[in-house]
Amino acid sequence: WIMGHMVNEVYQIDEFVDLGANSIETDITFDDDAMAEYSYHGVPCDCKRWCHKWEYVNTFLDGLRRATTPGDSKYRKELSLVVFDLKTGDLSSSTAYKGGKLFGQKLLDRYWNGGNNGGRAYIILSIPDLDHYAFITGFKEALKNAGHEELLAKIGYDFSGNDDLGSTRTALNKAGIKDREHVWQSDGITNCIGRGLGRVRDAVRNRDSSNGYINKVYYWTIEKYVSVRDALDAEVDGIMTNEPDVIVNVLNEGNYRGRFRLATYDDNPWETFKR
């Protein structure tokens, strides 16, 4: 999966998919009542990016729904996976549950069209703080209470704070997520700084072991050719990037052409890939 980074205005969906992304990452900020408010990153953000692009969440979700609904004039069939980078820093461990519940209701209304022919993308809830695991609990409750538990088949989970893998597993279990139940594990840092692949390799080992908790591993945020090759050599499943075309170019190189291909909608992002 080539995961376009910081896609926070609707027009950027086309921009990143045109460059080769089959997945996007969108930042979600919350108001004082734990309601998702804007798709917005703010400063600081990645080098060579403008940090202030934004939409109201409802506007963004409407655009995203159209981009992932077959038959819509804005439909992009390549776009199969969306990561919501949930900026829960202003929530507490007690309001995280409420935030999750409200976000679940909002996705149901605006993205899934009330459960009636809405967007088809798979969605990862990416949470920066292990203490906010109740966001997941609240989100799941919202869909169950609305009679749309079936939509949880489209939802995956990630903790993005580069925490200890054992602690991450514990937080997922506390949220009611079983091992390998739609679990993506991220690792990374802003593109302004280099970061080694030690934890990525640990996560890949966990993914490939008989008793791990991870289905997929992704690395963020890179666009240098050498970094992309190193990440692919570490056997990641996804790369988050500001320059999707760089990842496309590397995937077309002789060393990688036969080992990797771009994921399509038919590739289940919750299934661990076995070579």
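Cβ coordinates come from backbone N, Cα and C, glycine included.
Sequence annotations record features per position, and here Swiss-Prot assigns active site to H5 based on similarity to another entry. In sequence order, E25, D46, R49, W220, T221, M240, T241, N242 are the residues of the chain that are 6 or more apart from H5 (active site) and have a CB within less than 8 Å of its CB.
Marked as active site, nucleophile by Swiss-Prot on the basis of similarity to another entry: H41. Packing around H41 (active site, nucleophile) is summarised by its Cβ count: 24 other Cβ atoms lie within 10 angstroms of its Cβ, all protein chains included. Annotation note: H41 (active site, nucleophile) sits in a coil segment as assigned by DSSP.
Within 10 Å of the C-beta atom of D85 (Mg(2+) binding site) sit 25 other C-beta atoms, taking all shown protein chains into account. The Mg(2+) binding site annotation in Swiss-Prot covers E25, D27, D85.
Per Swiss-Prot, the feature disulfide bond maps to C45-C51 (among others); the stated evidence is similarity to another entry. In the three-state DSSP scheme, C51 (disulfide bond) is classed as coil. Residue density at C51 (disulfide bond): 15 other Cβ atoms are found within 10 A of its Cβ, drawing on all protein chains shown.
Residues annotated as disulfide bond in Swiss-Prot, with similarity to another entry given as evidence: C47-C192 (among others). A C-beta separation below 8 Å, combined with a sequence spacing of at least six in one chain, links C47 (disulfide bond) to T190, N191, C192.
The disulfide-bonded residues considered are C45, C192; of these, C192 has the fewest other C-beta atoms within 10 angstroms of its C-beta. Under DSSP, D27 (Mg(2+) binding site) is assigned to a strand (E or B) in the three-state scheme.
For D27 (Mg(2+) binding site), applying a Cβ distance below 8 Å and a minimum sequence separation of six or more within one chain yields M6, N8, S39, Y40, H41, D85, K87. H5 (active site) carries neither a helix nor a strand DSSP state and counts as coil.
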